[in-house]
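I have a structure here, written as structure tokens, and I will follow up with some questions on it.
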Amino acid sequence: MIGRNPFVLAGQEWKEKRSQITPAFSNNRLRACFPLVEEVLTRFTKYIKNEHEKDKKAPLELREICARYTTDVVSSCVFNADAQSFTKENSEIRAMGKKFVEALSSFGLVQFLLTSLFPGIQKLLKMRIMDKKSEDFFINLMLQAVKLRESSKIQRDDYLSFLIELRKKKSISDIEMAAHGVTFFSDGFETSSIGISHILYELAGSKNSQQKLRKEINEMIIDENGKIVYENMLENEYLNQVFYEALRLHQPLGIYNRECTEAINLDCGNGKVFKIEKGMGINIPIHCFHRDPENYTNPNEFIPERFDPENGGIKAFQDRGVLAPFGDGQRICLGKRFAQIQVKAAIVDIIRNFELSINEKTQRPLTIEPNHLLNVKVGGLWINVKPLK
Ligand code: HEM
């Protein structure tokens with residue numbers, strides 16, 4: 001998303017960059033990140049327990065605490081740095097992340113609309129969402145992380161080592177390497193924290209789903225030493241259903257865009273045909289597909305069981321193109337698997353440690369902030385927590 005971001009490239013140039021960076025998200029590398037995620041989880045649950053101890057009646061705002069969690073996870077996995085979002089009042093990395101998100105609520109929205117109408121404009125005008133100061137901050141952080149890794153004896157098959165290797169092979173420059181890291185941070189922390197906060201919110205509002213999931217977690221995901229079994233977490237059917245059902249209702253990015261590369265006549269039914277010209281910008285409003293009663297019965301309700309395997313499971317809806325919180329096709333979210341790890345791990349740890357309910361401070365029915373690019377709710381998502389023994 002930023003000015004020097006390699007992912008804003010289009011066409012062949014973009015295709016090459018994307019294929020170059022895709023192995024960074026291989027199963028082995030993602031697995032290697034998990035101990036870092038677990039470390040942050042410990043701080044996350046400790047923070048919630050402490051807040052509850054301070055004032056047992058005070059509600060918690062989900063978006064803020066989830067953003068602290070994802071900031072710490074992504075910083076740790078990409079920059080090898082502890083962002084200290086839970087322990088330091090003015091964490092520098094968290095402050096920079098906040099600044100970046102604020103930009104998405106003003107200029108970012110205008111930029112999104114402009115680039116979807118005129119796909120070439122971003123490159124032409126060298127548009128950036130992240131301001132120069134924040135961009136320099138993250139690029140320096142990335143370069144420092146590389147220096148530290150190279151001078152230490154730490155051997156870890158993670159994202160950072162992948163970028164260092166890529167630079168050694170001279171496939172990318174210093175700045176490109178840093179830009180990849182910054183992209184990972186900017187695309188990875190806010191989308192996931194919005195995802196986690198809505199999943200927890202829906203569980204807080206559905207006692208049955210919450211209890212059912214807690215049972216699954218305790219019986220199928222946690223081992224006898226109280227640790228999360230990584231493979232079981234990723235493969236658990238009910239957790240996946242909860243994950244997709246909440247993201248169906250509240251996909252962090254409601255619209256994605258494409259540029260038409262070949263003119264086509266689109267059959268709109270009832271004899272109507274719409275011609276899409278080559279070069280035309282297309283907005284795909286996935287949130288409309290997600291809430292269409294033709295696709296889902298009771299589309300506004302949170303019903304993870306609609307994805308039960310006997311109904312065809314999640315795949316049946318994905319195959320029909322009506323479930324795509326991560327986008328679809330050649331430009332599907334590159335961080336989808338990483339997102340599943342950091343989001344599911346947080347859900348598992350919170351649900352096994354706390355009972356959640358919705359606090360009346362939440363403005364219901366929920367409404368989306370009209371001037372924000374991402375799916376952020378007016379007034380925030382407030383919950384009550386009760387620690388479980
Ligand atoms: C719940 C969390 C997330 C959601 C819902 C999400 C959703 C999306 C969506 C809808 C797109 C556009 C896809 C399309 O146009 O077809 C996208 C693109 C992208 N996402 Fe994610 N994302 C999430 C987390 C992440 C994470 C954690 C990372 C990085 C670690 C990431 C990196 C990217 C990148 C790099 C792209 C651009 C891909 C390209 O244009 O080729 N995302 N994401």
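Note that Cβ sites are derived from N, Cα and C of the backbone, with glycine treated the same way.
All TrEMBL annotations are machine predictions without curation.
TrEMBL feature annotations, pasted as is:
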BINDING   CYS333  heme binding site
Including all protein chains shown, what's the count of other C-beta atoms within 10 A of the C-beta of CYS333 (heme binding site)?
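Total other Cβ atoms inside 10 Å, all chains included: 19.
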Would you identify the secondary structure of the residue listed as 'heme binding site' according to DSSP, in three states?
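DSSP call for the residue listed as 'heme binding site': coil, neither helix nor strand.
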